[in-house]
């Protein structure tokens, strides 16, 4: 009986009638999370966290382990799918004013930070050339923190340079953090269902609601099928599309790659870091590029929730989206003109969106005299 009651509760979950496809990405993220944990477990069974054996163990997984190539590719490309879904999920939250549900937004931003940390630790594990140098550059930023920086870096490295203890630490962190992500995701969903989802109009959803099942379950399954089909097509036909050519070589501390860069989903933050010619300033800008999302619920001044009826903010939002892509593109280029200038302008415009948000809201209120 209890499970029947649970199913009944799930089926009768009241949801706004007019929520669009942009609201499907939450369930897609849940599927991505499950897929990553499952494939990650099978990879961890065969992986060896040792600087002399890590690279060979990845080759062993892809060549010798039955369906190891499939597990490895699903895990690597699944991470990219995860970030595509999460960036769309955040963009939808910004566009439709979902951030006004403060607790849900703050728990979601914390989830993003935890997810980025997990992905970064995972990128280092194959111990390829780019993995090693990306780890060296990014972890070295901790030394910019006054007083505690050097101690924190030494603690994270497990010595005075990146070595075997570093890889062991990163593997342990990459294994344990997903459990934190699962816990925080549960809290995120719990907080969301305290007040319920918003809708594209930004109005009170209580006026007209429908049961979650069957209307939204079918819609969710359709989007999940589309996502898994896309994932399997990339895994089957373009498995190396997101990989860096340098990462097919074993880590060599004596040879620096011509251009050090992290995975594509971190390039916007890395581009902001590189646009500032100062170590501490760059590290602060990097942290702020994510942390600034925490300020959004507190800087909303407009009387309207959704951007659907705010043409000025729509213009700002799409400029922000274009800026995000421009920073991602410039971060793949060498540190030389004109890329440095483009990167600096784009980074300024990135932060300008968050600064102009309250000003635009105040202006709109004045114009509409509401």
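Cβ coordinates come from backbone N, Cα and C, glycine included.
For reference, Swiss-Prot has these:
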BINDING   75, 174  heme b b562 binding site
BINDING   89, 188  heme b b566 binding site
BINDING   193  ubiquinone binding site
TRANSMEM  25-45  transmembrane segment
TRANSMEM  69-90  transmembrane segment
TRANSMEM  105-125  transmembrane segment
TRANSMEM  170-190  transmembrane segment
TRANSMEM  218-238  transmembrane segment
TRANSMEM  280-300  transmembrane segment
TRANSMEM  312-332  transmembrane segment
TRANSMEM  339-358  transmembrane segment
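The structure, with features from Swiss-Prot marked on it.
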residue: 75; record: heme b b562 binding site; Cβ contacts under 8 Å, 6 or more apart: 36, 39, 40, 43
residue: 89; record: heme b b566 binding site; Cβ contacts under 8 Å, 6 or more apart: 25, 26, 29, 108
residue: 174; record: heme b b562 binding site; Cβ contacts under 8 Å, 6 or more apart: 118, 121, 122, 125
residue: 188; record: heme b b566 binding site; Cβ contacts under 8 Å, 6 or more apart: 104, 107, 108, 111
residue: 193; record: ubiquinone binding site; Cβ contacts under 8 Å, 6 or more apart: 13
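Reduced to three states, the DSSP call for residue 89 (heme b b566 binding site) is helix. The stretch from 170-190, 218-238, 280-300 with the most CB pairs below 8 A to the transmembrane segment (69-90) is 218-238. Between the transmembrane segment (105-125) and the transmembrane segment (339-358), the number of CB pairs under 8 angstroms, six or more residues apart, is fewer than three, so the stretches are not in contact.
Beyond its flanks by at least six residues, the transmembrane segment (170-190) meets 26, 29-30, 33, 36-37, 40, 44, 47, 49, 104, 107-108, 110-111, 114-115, 117-118, 121-122, 124-125, 135 of its own chain at Cβ-Cβ distances under 8 Å.
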